[in-house]
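Record features (Swiss-Prot):
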type	residues	note
SIGNAL	1-27	signal peptide
DISULFID	C62-C76	disulfide bond
DISULFID	C66-C78	disulfide bond
MOD_RES	E68	4-carboxyglutamate
DISULFID	C72-C83	disulfide bond
MOD_RES	E73	4-carboxyglutamate
MOD_RES	N87	asparagine amide
Amino acid sequence: MHLSLARSAVLMLLLLFALGNFVVVQSGQITRDVDNGQLTDNRRNLQSKWKPVSLYMSRRGCNNSCQEHSDCESHCICTFRGCGAVNG
């Protein structure tokens, strides 16, 4: 009984050590903001700027000028000529 308990403890320690090596925070990526002391993440924002596209084509108009997709209505995209309807 004592031998199997010792083996289980050793196995658990080995698993903790092995799994602990996978969870590593890379240095320099999370820093503390000097002004307010909050933690900040210096990695790029991975949130996509793409908008979901509906299969239903809207007949509503679009804004005329844009710099990026978020400047246009939800059913429009930003092109080199300005906002334009998706598939239209």
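Cβ atoms here come from the backbone N, Cα and C positions, even for glycine.
Note on proximity: among C66, E68, C83, the recorded positions of the record, the Cα nearest C76 (disulfide bond) is that of C83.
C62 (disulfide bond) and C83 (disulfide bond) are 6 Å apart (CA-CA, integer value). In sequence order, C66, Q67, E68, H69, D71, C72 are the residues of the chain that are 6 or more apart from C78 (disulfide bond) and have a CB within less than 8 Å of its CB.
For the pair E73 (4-carboxyglutamate) and C62 (disulfide bond), the Cα-Cα distance reads 6 Å. Looking only at other Cβ atoms within 10 Å, the busiest spot among the disulfide-bonded residues C76, C83 turns out to be C76. All protein chains shown were included, and the count of other CB atoms within 10 Å of the CB of C66 (disulfide bond) stands at 20. In terms of local Cβ density within 10 Å, C72 ranks first among the disulfide-bonded residues C62, C72.
Look at the modified residues E68, E73 and count other Cβ atoms within 10 Å of each Cβ; E68 has the fewest.
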